[in-house]
Amino acid sequence: MKALSKLKAEEGIWMTDVPEPEVGHNDLLIKIRKTAICGTDVHIYNWDEWSQKTIPVPMVVGHEYVGEVVGIGQEVRGFKIGDRVSGEGHITCGHCRNCRAGRTHLCRNTIGVGVNRPGCFAEYLVIPAFNAFKIPDNISDDLASIFDPFGNAVHTALSFDLVGEDVLVSGAGPIGVMAAAVAKHVGARNVVITDVNEYRLELARKMGVTRAVNVAKENLNDVMAELGMTEGFDVGLEMSGAPPAFRSMLDTMNHGGRIAMLGIPPSDMSIDWTKVIFKGLFIKGIYGREMFETWYKMAALIQSGLDLSPIITHRFGIDDFQKGFDAMRSGQSGKVVLSWE
C-alpha cells in the first residue's frame, strides 16, 4: 500500500510502498480517507533533536485522520464494516494504576501512533478498537480528520470553568486558535490571543476572538485597559512553549488565576516563581486528550454550532503531500488536510 514514511535519519518524508497492516483480535482495520499534518509531523520531517531520540527509522508516520472500518478483529464488538471513525492516537497499556482507575490519558506506558508505532499516513491503518471513535453523520471528513489536535485544544480549554471569565491564550498556532474558539463558544467574557505571526492572528480573528494581539507591535497591558480589565486574566492557556509568552502570562494573571500548559518550553526555562507563589496561581500540565470524555465533547461542540472550518486553510491530494509540508513549515497556514481518496 501507499504510505508516507520516515525512511532516513535526515530531513524529509518519503512516499513508499509498504505491506498492509495485519489485524489483531482486538483491532480495527481502517481505510484512510483524510489525514491532517500535525506540528509533530513537521518535527519528524525536520529531524530535530526530539525526533532523533524518539522516532524509529524507517516508519510510517502521521496520527490525525478519518477513515472507514473495512476489517474487524474477532474479539471486537460495537463496530461494523463501513463505520466512519477517527481514533485516539495514544495507545495505553490498560494495566498501570492510572489505566485501571480510568485515567488512561495519564498512562505511564503510552505509545503514540505515528511516533512509536506505524501511523495513519497510509492507505490503511490498524488500531485497537478501544481507541476508535465513531464520527457522527453531521460532521464532515475534513473536520473529523483534525479531531486529534482539536482534542488537545478542548482538553486544555475546558480544564477550568470559563463562563464569564477573561481568558489569555498565548500562541496562535492551530491548536491555540481552536482553544480560543472553544473558550468563546462556552461563555468566556474576553478571549485574548497573542502571537507574533500576523497570518495566524488573522485566523484567530476569523474564529471570533475578542482581541488578537501581535505582541511585537502592541502592549498586552494596553489591550487589557482597552477591554476594561482591571484585575488580570482569570484563565491562561499556554500553547506556544515560548518563555517570553509564559512570563507575560504570569505577569498578567489575576490572583488565584489558573493556567493550563500544552506548549512545551525549553527544559531550562526560568520564570519568577514568586509570582506563582504570591499570586496563588494554579498550573496544570496537559498531554493529549482525556479518553474519551474529550472526544464526546469535541463532537458535541461542533454539533452545537462551533465552526472550525476557517482553521483548515490548505487541502491537497496525497500525491502533493510535499506542498502540504511546505505550507506547514512556512508558518503561513492553519491546518493542512491531505486526501487519500
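Indices start at 1 and increase along the chain as displayed.
Note that Cβ sites are derived from N, Cα and C of the backbone, with glycine treated the same way.
Positions annotated as active site, charge relay system by Swiss-Prot: Thr40, His43. The Zn(2+) 1 binding site annotation in Swiss-Prot covers Cys38, His63, Glu64. Taken from Swiss-Prot, the feature Zn(2+) 2 binding site applies to Cys93, Cys96, Cys99, Cys107, supported by sequence analysis. Annotation source Swiss-Prot lists NAD(+) binding site at Ile175, Asp195, Arg200, Leu262, Gly263, Ile264, Ile286, Tyr287, citing sequence analysis.
Swiss-Prot feature annotations superimposed on the structure.
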residue	record	contacts (Cβ under 8 Å, 6+ apart)
Cys38	Zn(2+) 1 binding site	Gly62, His63, Glu64, Asp148, Pro149
Thr40	active site, charge relay system	His63, Gly114, Val115
His43	active site, charge relay system	Trp50, Ser51
Ile175	NAD(+) binding site	Pro149, Asn152, Ala153, Thr156, Met239, Leu262
Arg200	NAD(+) binding site	Ala172, Gly173, Val177, Gly331, Gly334
Gly263	NAD(+) binding site	Ser170, Gly171, Glu238, Met239, Ser240, Gly241, Ala242, Ala245, Phe246
Ile286	NAD(+) binding site	Asn152, His155, Thr156, Ser159, Ala260, Met261, Leu262
Tyr287	NAD(+) binding site	His105, Leu106
Neighbourhood of Cys99 (Zn(2+) 2 binding site) by C-beta distance under 8 A, where only residues 6 or more apart in the same chain count: Thr92, Cys93, Cys107
Please give me the CB contact count at 10 A for Leu262 (NAD(+) binding site), counting all chains in the structure. 24
Of all the binding-site residues given, Cys93, Cys96, Cys107, Ile264, which residue's CB has the most CB neighbours within 10 A? Cys107
Checking the binding-site residues Glu64, Asp195 for other Cβ atoms within 10 Å of each Cβ, the smallest tally belongs to Asp195
Integer Å value for the Cα distance linking Asp195 (NAD(+) binding site) with Cys96 (Zn(2+) 2 binding site) is 39
Work out how many Å separate Ile264 (NAD(+) binding site) and Cys96 (Zn(2+) 2 binding site) at their Cα atoms, rounded off. 25
Can you list, in sequence order, the residues of the same chain other than Cys93, Cys96, Cys99, Cys107 whose CB lies within 8 Å of the CB centroid of the Zn(2+) 2 site? Thr92, Gly94, His95, Arg97, Asn98, Arg100, Thr104, Arg108, Asn109, Thr110
Helix, strand or coil at Asp195 (NAD(+) binding site) [DSSP, three-state]: strand
Helix, strand or coil: which one is Arg200 (NAD(+) binding site) in, per DSSP? helix
On the three-state reduction of DSSP, what should I expect for Gly263 (NAD(+) binding site)? coil
All-chain count of other Cβ atoms within 10 Å of His63 (Zn(2+) 1 binding site): 25
